[in-house]
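For reference, TrEMBL has these:
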type: DOMAIN; residues: 18-174; note: domain 'Thioredoxin'
type: ACT_SITE; residues: CYS60; note: active site, cysteine sulfenic acid (-SOH) intermediate
type: BINDING; residues: ARG137; note: substrate binding site
Amino acid sequence: MKYQTKTKIKMENQITIPRIGDTAPDFKAMTTTGPMQFSDHIKGSWTILFSHPADFTPVCTTEMTGFALDQKYFDEKNTKLVGLSIDSIHSHIAWVNNVKKNTGVLFEFPIIADIDMNVSKLYGMLQPGESETAAVRAVFFIDPKGKIRLIMYYPLNVGRNMDEIKRSLVALQTADQYKVSLPLNWREGDKVIVSPPKTVAEMLEREASDYEMVDFYLAKRDL
Ligand code: BEZ
């Protein structure tokens, strides 16, 4: 009996984390732009779903402002931004208003009011070792087919890197469009990696190509 109780507590404390390649879990939520059915909202575009620990906190304010300042960039990349924290809709609205008044920057993207922690739990954003009540800084990149393609998790006290978020998005879109892979530190405009040959004939063909080649299995080309 004692053993069963302990086991149950352990099971309840386990968090679910969606994985790369999974369909993004669907949910209904209230946001700063109105009610949202997530699967409908994200249909046909890339989506970056990101959580922050709390409204009216300094690191979060810098991050949300960073996303807002790059809104046009994400629009041009056919990418929707969706923020989230475990705060009420009233708190979100007051914070949006506060930042607008202080800096002139308006958070136009929806921010989920996840006061019941439903979405945070669904996406493994609530990590009890870090906080029982605040979402960690998670970033989910979701493709137009609704599949999770890249995940980042940061702790409460370390802000994310907007350059890396933008680089990751462009890398995913480039890899899909050209069916290539991207090497270490790849940036837009750099050479890309072509898939290794699958036959001896393809290998010989590759040797005669103008690819930049370390060996037959590691070859790069311009886009
Ligand atoms: C912040 O955004 O500044 C913050 C939020 C929660 C814990 C630590 C820092």
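Just so it is clear, glycine is given a Cβ too, placed from its N, Cα and C backbone atoms.
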Work out the three-state DSSP category of the residue listed as 'active site, cysteine sulfenic acid (-SOH) intermediate'.
helix
Limited to the domain 'Thioredoxin' (18-174), I'd like the whole-number average of pLDDT.
98
Distance check, please: Cα of the residue listed as 'active site, cysteine sulfenic acid (-SOH) intermediate' against Cα of the residue listed as 'substrate binding site', rounded to an integer number of angstrom.
9
Please report the three-state DSSP label of the residue listed as 'substrate binding site'.
strand
